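**Q** For reference, the structure I am asking about is given below.
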């Protein structure tokens, strides 16, 4: 700056450090750190002769919109008392928190011997506890119950607990991919691929307009419309591409097999040589997207640079606010954790891929989650990926709860497809390029969906046993409370973990955390169906998520969730009937009834989401 503006004074307008809060994630923020930072920084600035402003003078308790650290940047607290020592030694009070990062690092799945010993000891203890509480049963029945219970409890609480600890106290130096603007040599040419199928022309034109405004010198845009039958849908897009100039090329191919994967593979024969970018037809990208992300391809090991999906209509209605809050759990929490271990799940929009890698691996036309499958194969081939948790483009949220469910059904179905095809590398460890921590994060990240499928069998067992207890209340009893209370504990821990992490890493507004929980619970049954269906089938065709639809009325919305309504009523009737048939409610029956009530909550959440989607004022939006 001094070389560029030698005649002008330089001023650092803001320097500072908070004394509380999760500042920039995983960086400590205490009075001692604040004092050390300011004293060290001010000494350096005074030596260099620079002018500066320290922010803030006083704590400002109302600045919660800036995050948890927002109210705590002052040199003085809210009562106008100095907070930090300005000279002399700084005392740092030792606490258990200082040991947590080391413990988390020592417990990472890479250290398999420690992990195996800890889990073996805990598993043995839990099996012993389970057998002791199942003593009224024969050993042939008690032992399998104890084994299954101990396995599910250990895996469920272990994964959730480890994710929470890693989110709060992860690596001291997390993998970071901040926006770049410098590139050693000529910038790579980027070929942006936009697949379309029966998309509203006005919506696609908005996407193309945003691409036209990209602040990047060397790119092309290839738009492919595959299998759209109505010329009035795809011909306006073709004409608009001609207006935008030679940088935009349009392809209409009918018929074309392979769905979205087939369309993207078709474009590979026409693409530029350096890098390929894929975006959905409804995405409006930020003009600096390529400028900030493409320079990372100077590193030959990087094959994918991914930015999060984001949405421009999240504030249109309460329904869409819930949907967007649910999406953020994955993009603001899960992907950030996975990025630290080079184990991100690639998603097929707002992604940059090295063209030489893509030409060799290509999109898998057998998978309906071709993006996640390609990302896994890229890691299996020894390349690295990067995730930038900054929004560089915004699309559209599904307009109805039914479309929201269909989208998640496809994702869950595709996940099991991938697990079946890549069992050797993910579970058996046959791929040397995948590290244990990468394998762990892929499996652990998909485990909640797998648990949704397993829960179907558990729900059937609970219903059948409850029915039997209603028929014979004097001879049949619920399982010991230790088993049902553990399932309830995992449910409560999951909700508490979600709220805590969401407020730390996604949004400080607790209403958004509850909105995310409701939307996630509403998808629980459809995810379970998709998991079971994919486990026994493999031929589900790809289906697109409709955009800019006119929505549906309340009657149609309730008709779409009639199965959820029936199941909620069944659980409630069974719960009430069981309470009336039993003379006394002890711990065993109390926890059993609580489990039955908890089983009904996902169906209630689905009805809430359906009603919200129907009540939202969703006329077809103008795209001009």
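Every residue gets a Cβ built from N, Cα and C, even glycine.
Per TrEMBL, transmembrane segment is recorded for 116-134, 140-165, 446-468, 480-502, 514-536, 592-616. Per TrEMBL, domain 'Glycosyltransferase 2-like' is recorded for 279-463.
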**Q** Do at least three CB pairs under 8 A connect the transmembrane segment (480-502) and the transmembrane segment (140-165), leaving out pairs fewer than 6 apart in sequence?
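**A** Output yes: the transmembrane segment (140-165) sits against the transmembrane segment (480-502).
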**Q** Can you work out which residues elsewhere in the same chain, 6+ from the ends of the transmembrane segment (514-536), have a Cβ less than 8 Å from its Cβ atoms?
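**A** Answer is 318, 321-323, 325-326, 328-329, 401, 404-405, 408-417, 420, 449-450, 452-453, 455-456, 495, 498-499, 502, 506, 564, 567, 601-603, 605-606, 608-609.
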**Q** Grab the same-chain neighbours of the transmembrane segment (480-502) for me: Cβ-Cβ under 8 Å, and only residues 6 or more beyond its ends, written as numbers and ranges.
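**A** Residues packing against the transmembrane segment (480-502) from afar: 129-130, 133-134, 145, 149, 153, 156-157, 160-161, 163-164, 167, 325, 328-329, 333, 458, 510, 512-514, 516-517, 520, 587-588, 590-592, 594-595, 598.
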**Q** Any residues 6+ beyond the ends of the transmembrane segment (116-134) with a Cβ under 8 Å from its own?
**A** 107, 141-143, 145-147, 149-151, 153-154, 158, 480, 482-483
**Q** In the same chain, which residue numbers or ranges, 6 or more beyond the ends of the transmembrane segment (446-468), come under 8 angstroms Cβ to Cβ?
**A** 155-156, 159, 412, 415-416, 419, 476, 478-479, 487, 524-525, 527-532, 535, 570-571, 574-575, 578, 592, 595-596, 599
**Q** Can you give the mean pLDDT for the domain 'Glycosyltransferase 2-like' (279-463), rounded to a whole number?
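**A** A mean pLDDT of 92 is what the model gives the domain 'Glycosyltransferase 2-like' (279-463).
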